[in-house]
Amino acid sequence: MTTSSNYTNLRDIWYTMIGIPGLEDAHTWISIPICSMYIVAVVGNTLLLFLIFTDHSLHEPMYLFLSMLALADIFLSTVTTPKMLAIFWFQEGAISFGSCVSQMFFLHFIFVAESAILLAMAFDRYVAICYPLRYTTILTPSVIGKIGIASITRSFLICFPLVFLVYRLTYCGRNIICHSYCEHMGIARLACDSIQVNIYYGVIVALFSTCLDVVLIIISYALILCTVFRIPSQDAQIKALGTCGSHVCVILVFYTPAFFSFFAHRFGGHSIPLYIHILLANLYVVVPPTLNPIIYGVKTKQIQEKFIQVFSLSKKFC
């Protein structure tokens, strides 16, 4: 049996992820902020989930969507960061083809689902400000549950074909991944076949999921601003915009690095070093999950009050 036919057996393929190429000597130092942010992300989002689910006063549409976002953030960081830290600390970059594809699927699946959740939260703010009297009748628990299921279903239907697209390719020996985690094009570029279908599908997924979500979010906030500026009272305008402040911050934190990375890859060419691309990709999976609970904790009065209550209670028992 030849070497090339050995590599057609996908169960035998093992990849080696090298972390951040060009910065191998700095891996230990880079791991410190990434590990710290991962801990903050998991603890912060878990605390947010605990506060929302244990306090009935927070069982409102806005906070239910926020709990979905917190859950997605925990999964997004957990899918990638532990393996990333293993590479940085112990040079444990080996990963089987099946495990790599699984990580790829869950990474893209969670990303697309989180984008849909942010769109749902924009719709929540639109209904709350433009139709305040019908808010509770439009966004009932049943409707919120259906939105959550629709977000997951859409994400699955969009991302599951990626598994078939990488499995259909022939692999013949290249097994070094210049990254800290597995993603679709990173796997596809190691194949010997043409990957044009993978490239086209990746662009289609971006256009009809993330980009479409961003357009609909912009439309939602355009309608919100039109409604707010028709309010005669300036104090009421500020209060209405204040309810959107935390969500706008979260949107910027989530989409800005994603679009920067996308355009840098497509149009940056060789002017931006590879290690910059990989470093930004590594930060992207931990920075938004870390900042989201902090943003909502700082900007949302109800969550602040509940956190203080829990903290005071824990100190009393201690």
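Cβ atoms here come from the backbone N, Cα and C positions, even for glycine.
Predicted automatically and left uncurated, TrEMBL annotations should be read as such.
Per-residue pLDDT, averaged across the domain 'G-protein coupled receptors family 1 profile' (44-296), gives 89. The domain 'G-protein coupled receptors family 1 profile' annotation in TrEMBL covers 44-296.
Among the features that TrEMBL reports, transmembrane segment is placed at 29-51 (among others).
Within its own chain, the transmembrane segment (63-90) has Cβ neighbours under 8 Å at 17-19, 27-28, 30-31, 34-35, 38, 41-42, 45-46, 48-49, 52-53, 103, 106-107, 110-111, 113-114, 117-118, 120-121, 124, 141, 144, 148, 151, 180-181, 250, 282, 285-286, 288-290, 292-293, 296, 302, counting only residues six or more beyond its boundaries. As annotated by TrEMBL, transmembrane segment applies to 63-90 (among others).
Away from its own ends, the transmembrane segment (102-123) comes close to residues 62, 65-66, 68-69, 72-73, 75-76, 79-80, 83, 95, 147-148, 150-152, 154-156, 158-160, 162-163, 166, 181-184, 186-187, 205, 209-210, 213, 216-217, 220-221, 247, 250-251, 254, 258, 285 of its chain (Cβ-Cβ under 8 Å, at least six residues beyond either end). Taken from TrEMBL, the feature transmembrane segment applies to 102-123 (among others).
Here TrEMBL flags 143-167 (among others) as transmembrane segment.
Feature annotation from TrEMBL assigns transmembrane segment to 199-228 (among others). Here the transmembrane segment (199-228) has Cβ contacts under 8 Å with residues 108, 111-112, 115-116, 118-119, 122-123, 125-126, 129-130, 154-155, 158-159, 161-162, 165, 184-185, 188, 237, 240-241, 244, 248, 251, 255, 258, 262 of the same chain, all six or more residues outside its ends.
Under the heading transmembrane segment, TrEMBL lists 240-262 (among others).
What TrEMBL lists as transmembrane segment is 274-298 (among others).
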Ranked by Cβ pairs within a distance under 8 Å of the transmembrane segment (240-262), the first of 29-51, 143-167, 274-298 is 274-298
